[in-house]
Amino acid sequence: MKKSYSGVTRTSSGRLRRLADPTGPALKRSFEVEEIEPPNSTPPRRVQTPLLRATVASSSQKFQDLGVKNSEPAARLVDSLSQRSPKPSLRRVELAGAKAPEPMSRRTEISIDISSKQVESTASAAGPSRFGLKRAEVLGHKTPEPVPRRTEITIVKPQESVLRRVETPASKIPEGSAVPATDAAPKRVEIQVPKPAEAPNCPLPSQTLENSEAPMSQLQSRLEPRPSVAEVPYRNQEDSEVTPSCVGDMADNPRDAMLKQAPASRNEKAPMEFGYVGIDSILEQMRRKAMKQGFEFNIMVVGQSGLGKSTLINTLFKSKISRKSVQPTSEERIPKTIEIKSITHDIEEKGVRMKLTVIDTPGFGDHINNENCWQPIMKFINDQYEKYLQEEVNINRKKRIPDTRVHCCLYFIPATGHSLRPLDIEFMKRLSKVVNIVPVIAKADTLTLEERVYFKQRITADLLSNGIDVYPQKEFDEDAEDRLVNEKFREMIPFAVVGSDHEYQVNGKRILGRKTKWGTIEVENTTHCEFAYLRDLLIRTHMQNIKDITSNIHFEAYRVKRLNEGNSAMANGIEKEPEAQEM
């Protein structure tokens, strides 16, 4: 009599073979076919057929269409047999089969254990029992991508204790041995197929099959000659790049459907915010329009000859914009009238184009009698306003009116170290009403630090006492932020500046400055002079504000006055030419 222990059995050659643990992770790679003997025969024997691959290969074409469903009729037939058989016996059935020879030759071993250790001896024959799933191993000749599996199905039947081995050749299995399991029965079979270690993590869902009772004759006729072959479907590694391969219908699994749709959802753009309108894009639209049209800026420099007006303009824009005055002859040293010159230069920086116009006033303050020397400058400013006004009132006016209005006037104060001259006070008092005046102390490097501080204090006091409102004006501050920024600039007025268009190397850096015996004066160094603050005010922070005040304040005042004069002249019936006079 052959003894059988849990997990150990003896083969026909006398060697002990350890059965695979139902819950163990290892996969078997041996192919085994076991034949079943009649219940009344001698103790069970086991035949190991290691060379069955050649025999199975000849009949493997017949099992190509067999699937997992072939294991279901075998479980159902064995269940019916165990219910009707009077002999208490424990049977273990291992069935083998092969799949299609195209990708590989495979074989599945199904072990059915019927033991009375798991239930009570008085339990009813029709009572439900659990079927535990053992590991499945499929072995065959294959490419490196597929992974073999081996399936073991253990069926426990109450009131049976004898272990019997059933071995049947695979050549006797017909193709039509599948019986659909659709009827309800108290027994359930749970099948769990673990995935390979290298495959993606995709567990097989538990499948519950309910079997119905079958006649004994039908059971014996189907069980002995035709053992079912449980073929575990698999997919190649090449086919499982997007979604992991699992046993069962992947299309019916909602979780797999979500995995298939996940990559597509990542490529989709995030939807725009529901409340977003797009008003902030107006800034980009204005920027593109301004880049196409460019900007215009007109600056006037007023002061005596030799104060460095042209040099300062060239230093501001770092280019040869303003030409230096040519030394006149002895007959031409004293000009009869003030000559106003305009120089236009196109500047482009980082794709931004600006049309810069510099208005120079040579001869201002160079006369012995400087009375009313400010009138030619006042007339020039008003003429530009009149020209712009006539373009506006035309019936067919231009789409874009050329802007020649003076936006800013730099008034150069000689570095005397005392106070403002009467000419300086009279000029700034009259022109501050029609143009933005920015007073500067020319050639401030001729003053010591103490002299410069004292001179600036005296100039500030003279401006306040004479009611001269220079730029930036307090009344034009729009909000608290503008007021805070403008107050810092007002404290620096007048700006003590030094101009130079010569470059020097200081500590490996290129600078604009003036070189002397005791050192180099750096133009853009705020500890040496206030040129950097003047540049920021005119170009980097307040250029657009200067243009807006010119258009909305000074030009608007001139336009109102001219329209009032025109209405009064029409009322009196007198037509007279407009005169450039103080406003």
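Cβ atoms here come from the backbone N, Cα and C positions, even for glycine.
Some features that Swiss-Prot has for this protein:
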type: MOD_RES; residues: Met1; note: N-acetylmethionine
type: COMPBIAS; residues: 1-14; note: compositional bias 'Polar residues'
type: REGION; residues: 1-49; note: region 'Disordered'
type: MOD_RES; residues: Ser30; note: phosphoserine
type: MOD_RES; residues: Thr42; note: phosphothreonine
type: MOD_RES; residues: Thr49; note: phosphothreonine
type: MOD_RES; residues: Lys62; note: N6-acetyllysine
type: REGION; residues: 79-105; note: region 'Disordered'
type: MOD_RES; residues: Ser82; note: phosphoserine
type: MOD_RES; residues: Ser85; note: phosphoserine
type: MOD_RES; residues: Ser89; note: phosphoserine
type: MOD_RES; residues: Thr143; note: phosphothreonine
type: REGION; residues: 166-252; note: region 'Disordered'
type: COMPBIAS; residues: 204-221; note: compositional bias 'Polar residues'
type: MOD_RES; residues: Tyr276; note: phosphotyrosine
type: BINDING; residues: 303-310, Thr337, Gly363, 443-451, Gly499, Arg514; note: GTP binding site
type: REGION; residues: 303-310; note: region 'G1 motif'
type: MOD_RES; residues: Ser325; note: phosphoserine
type: MOD_RES; residues: Ser330; note: phosphoserine
type: REGION; residues: 360-363; note: region 'G3 motif'
type: REGION; residues: 442-445; note: region 'G4 motif'
- Around Gly306 (GTP binding site), how many other C-beta atoms are within 10 angstroms of its C-beta? 12
- the region 'G3 motif' (360-363), counted residue by residue under DSSP: helix, strand, coil: 0 helix, 1 strand, 3 coil
- What is the total of other Cβ atoms whose distance to the Cβ of the residue listed as 'phosphotyrosine' is within 10 Å? 8
- Task: Quick one: pull the CA-CA distance for Asp445 (GTP binding site) versus the residue listed as 'phosphotyrosine', whole Å only.
- Result: 56
- Note on the structure: Cα-Cα, Gly306 (GTP binding site) versus Tyr276 (phosphotyrosine), nearest Å, comes out at 60
- Query: Taking the Cβ of Asp445 (GTP binding site) as the centre, how many other Cβ atoms fall within a 10 Å radius?
  - Reply: 19
- For Thr448 (GTP binding site) and Tyr276 (phosphotyrosine), determine the Cα separation and express it in whole Å. 59
- Message: Suppose we draw a 10 Å sphere around the Cβ of Gly303 (GTP binding site). How many other Cβ atoms does it contain, all chains included?
- Response: 23
- Query: Between Gly303 (GTP binding site) and Tyr276 (phosphotyrosine), how far is it from one CA atom to the other, in Å?
  - Reply: 55
- Message: Helix, strand or coil for Tyr276 (phosphotyrosine)? Use DSSP.
- Response: coil
- Task: Could you state the whole-number distance in Å separating the C-alpha atoms of the residue listed as 'phosphotyrosine' and Glu451 (GTP binding site)?
- Result: 59
- Task: According to DSSP, folded down to helix, strand and coil, what is Thr448 (GTP binding site)?
- Result: coil
- Would you pick out, from the binding-site residues Lys309, Gly363, Thr448, Glu451, the residue whose Cβ has the largest number of other Cβ atoms within 10 Å? Lys309
- With H, G and I counted as helix, E and B as strand and the rest as coil, say where DSSP puts Gly303 (GTP binding site). coil
